[in-house]
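A short write-up of the structure that comes next.
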Amino acid sequence: MNILVINTGSSSLKYQLIDMTNESVLAKGVCDRIGLEHSFLKHTKTGGETVVIEKDLYNHKLAIQEVISALTDEKIGVIKSMSEISAVGHRIVHGGEKFKESAIIDEDVMKAIRDCVELAPLHNPSNIIGIEACKQILPDVPMVAVFDTAFHQTMPRHAYIYALPYEIYEKYKLRKYGFHGTSHKYVAHRAAQMLGKPIESLKLITCHLGNGASICAVKGGKSVDTSMGFTPLQGLCMGTRSGNVDPAVITYLMEKEKMNINDINNFLNKKSGVLGISGVSSDFRDVQDAAEKGDDRAQLALDIFCYGVRKYIGKYIAVLNGVDAVVFTAGIGENNAYIRREVLKDMDFFGIKIDLDKNEVKGKEADISAPDAKVKTLVIPTNEELEIARETLRLVKNL
């Protein structure tokens, strides 16, 4: 069974075609600059070369058509016709409280996704456009929505309710939702396999560290707390996001800097974090280069980030009453030995110790624990597309 996985952005569309008989990627690619000048499709057939096709992609429907053309092309394709696509799995950023797991897309599900637009105004509209475009091109193919928020719907009430008047939660569903759920779920299950233990018996802390970053406490395979909140702005200091700040800072700044709502949103989401502290970049590699050359602000940005991750790990060890493994994933978590080392230094008290040589690993699965560590430390590259494909298969196989 071949499953097409789609991740739609406002001007981009990423895709993978996965053969679920052996969970192998047949082809993958991205349509970029949709609706803009100089749009193109970048397509890679597994084992083949990457091809860039310049094409006027005025909208997402044209982008989907171009994806199907590439997948079925005699030279660069991997299937003979689009009838070989059994189902489509869509990444949806926000499912609100409505979706505790993935769902087959019908009119009711579409309405519920639209209802969540105000919770994710930057992402859900693009996700909806992607679904509608796919339905026009592949009208008879079942489609599944896989939500970034769904994995965290198992959090207990005391973990997700903010200490605001309860009526505000009831009126606006204003609460912690958490994000990166598909990634946290994938690496938690993979960690259980690597440890050779049933996930139901494990306490895990998963660290999704990329330009956006979040930590998750996983008990028995279920999320019990996570660092992101009502939006992805809560929690850790990130590439351009501030993470946790005293809420009073916002009104203070609005008054002092004469900022409006859009200004303060942009300030906290786009100009803060590692970029704001360092004044160098939101890319950790650039910031590390600057720090190594003696840039004090760059070093401070790295220290603040690592300190934040350390605090959440400590916090979640308390929440879980211990931990069996700490897992690092995503761009920084998978590839940055310095960040992993700084995050986990002086954690012997908790039984967490890493082997510095093993820690040099980049972009592949590894157990980097020291031989005498009581707690395992794992590096696991995330695979959100495969997790989306698995969820899609689970729901459509009995149709």
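Note that the numbers count up from 1, one per residue, in the order the chain is shown.
Placement of Cβ uses the backbone N, Cα and C atoms for every residue, glycine included.
Quick look at what Swiss-Prot annotates:
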- Asn7, Glu384: Mg(2+) binding site (BINDING)
- Lys14, His208, Leu209, Gly210, Asn211, Gly212, Asp283, Phe284, Arg285, Gly331, Ile332, Gly333, Glu334, Asn335: ATP binding site (BINDING)
- Arg91: substrate binding site (BINDING)
- Asp148: active site, proton donor/acceptor (ACT_SITE)
- His180: site 'Transition state stabilizer' (SITE)
- Arg241: site 'Transition state stabilizer' (SITE)
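The Cβ neighbour count for Arg241 (site 'Transition state stabilizer'), using a 10 Å radius over every protein chain in view, is 26. DSSP gives Arg241 (site 'Transition state stabilizer') a coil state; it is part of no helix or strand. Around the residue listed as 'active site, proton donor/acceptor', the C-beta neighbours below 8 angstroms that are at least 6 residues distant in the chain are Arg91, Ile92, Val93, His94, Gly95, Phe179, His180, Gly181, Thr182.
In this view, Arg91 (substrate binding site) is surrounded by 22 other Cβ atoms within 10 Å of its Cβ, with every protein chain counted. The binding-site residues in question are Asp283, Glu334, Glu384, and the one with the fewest Cβ neighbours inside 10 Å is Asp283. When the binding-site residues Asn7, Leu209, Asn211, Arg285, Glu334 are screened for a C-alpha within 10 angstroms of the C-alpha of Arg241 (site 'Transition state stabilizer'), the residues that qualify, in sequence order, are Asn211. Looking only at the recorded positions Lys14, His180, Arg285, the densest Cβ neighbourhood within 10 Å occurs at His180. Around Ile332 (ATP binding site), the same-chain residues at least 6 positions away in sequence with a Cβ under 8 Å from its Cβ are Leu209, Gly210, Ala213, Phe284, Ile339.
Its own atom aside, the Cβ of Leu209 (ATP binding site) has 26 Cβ atoms within 10 angstroms in the protein chains shown. Counting in whole angstrom, Asn7 (Mg(2+) binding site) lies 26 from Arg285 (ATP binding site) by their C-alpha atoms.
For the binding-site residues Asn7, Asn211, the greatest number of Cβ atoms within 10 Å around a candidate Cβ is found at Asn7. The shortest Cα-Cα distance between Glu384 (Mg(2+) binding site) and any of the binding-site residues Lys14, Asp283, Arg285, Glu334 is the one to Lys14.
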